[in-house]
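Before any comments, here is the structure.
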Amino acid sequence: MTQFREAVVDLDAIAANIRHLAQVVGGPDGGPLVLAVVKANAYGHGAVPVARTALAAGARWLGVADIQEGLELRRAAIVAPILAWLHGPDADFAAAIAAEIDLGLSSLAQLDRAADAAALLGRSAAVQLKLETGLSRNGAAPDEWAELFARAAVLEREGRVHVRGIMSHLSNTSPADDAESIACFDRGIASARAAGLAPELIHLAATAGALRVPESRYSMVRLGIAIYGLSPFDDADSKDLGLIPAMSVRGQIAAVRRVAAGAGVSYDYTWRAQVDSTLALVPLGYADGIPRQSSGRAEVQMGTSRYPVVGRIAMDQFVVNLGQDTAEVGDEVVLFGDPASGVPSATDWADAALSVNYEIVTRIGHRVTRSYRGGPSTEVDAQQ
Ligand SMILES: *Cc1c(COP(=O)(O)O)cnc(C)c1O
């Protein structure tokens, strides 16, 4: 039974995606390790159940943006290696070190802060140095490498840090831009080694690089969007990549009404019925992450038919035009899911909203009940 507002997450699809991706990126020697990116509540899918599923399917590492996200996984008794790579000036490095969360660090100041926090705890901080290789976001710039690596080598000899990894991130702008970033990254790795560091993890690729830029795979790949079954590419969909979309967002029709030709629909009457029409009310809106931008452009599935969203998407609800068809209050309406089953995809909604599928799934809000199918054990279902 569909709930009022529901995001059904198929954990078996996530497991299958991870196994498939490991095979695609793996070489004869087993290939790079897989780090499953579960930041932002696992792109809206639920961090803890996705993390457990990913690990059971062969992922060796979990990746998050913030330390708080890593601590949430630890509170759920997940003991696998975790890397967190985005920190504010007050980020709690001590809590991360105590919880054995690796710190992705982008500056000398962060490195010193991690070493100081480790010293207070009487332990060593496991760190992965993040290099700026083109994105102009986070990471130490080439002219900062010599000082950063020299300091890291000293701290490592003193037992205050362990430089476990070196990392960066690609822009996916073009093959030439990625090649330039790779060359820059290689210079960074060489410079780190020359300073006496011996990082065992070297990683650059997210999904796009892992799938299309083999030289970016190094010893680990950080896979986000693809484990959720979605494509990062404009020219390939989930099916082309052998992936199964894991999230389906659906709801129950809250009202059905017949209107006469000329009736206006929703705020500002941006749409009026051309002929007498049946309208159905869907109880999801922009508070639930349904993009207002897709007003009048997206479609939903009811039974075997597609119907257009008409008028403005509001905070809690929107209207679809059933034309001369009918429906009952309580009928299931599917906004998106696996297009192999005939429903619209998250990418269809992204296209309607002039956005990307990442944003569509990640923004599905707290009011939408998550329910889980499959997974590594029944325990996972019971805990959700
Ligand atoms: C979000 C993120 C990823 C995952 O990217 P996808 O395109 O979803 O695979 C990998 N690495 C870093 C640093 C990220 O911030």
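Using N, Cα and C of the backbone, Cβ positions are placed for all residues, glycine too.
Any TrEMBL annotation is an automated prediction that lacks curation.
Residues annotated as active site, proton acceptor in TrEMBL: LYS39, TYR267. TrEMBL lists ARG137, MET315 with the feature substrate binding site. Per TrEMBL, domain 'Alanine racemase C-terminal' is recorded for 246-373. The N6-(pyridoxal phosphate)lysine annotation in TrEMBL covers LYS39.
This view paints the features noted in TrEMBL onto the structure.
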residue: LYS39; record: active site, proton acceptor; Cβ within 10 Å: 19
residue: ARG137; record: substrate binding site; Cβ within 10 Å: 11
residue: TYR267; record: active site, proton acceptor; Cβ within 10 Å: 11
residue: MET315; record: substrate binding site; Cβ within 10 Å: 11
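Comparing CA positions across the recorded positions ARG137, TYR267, MET315, the one lying closest to LYS39 (active site, proton acceptor) turns out to be ARG137. If you measure from the Cα atom of TYR267 (active site, proton acceptor) to that of MET315 (substrate binding site), you get 11 Å. Secondary structure from DSSP puts ARG137 (substrate binding site) in coil. Here the domain 'Alanine racemase C-terminal' (246-373) is broken down by DSSP into helix, strand and coil counts: 25 helix, 47 strand, 56 coil. Confidence annotation: the domain 'Alanine racemase C-terminal' (246-373) carries a mean pLDDT of 98 in the model.
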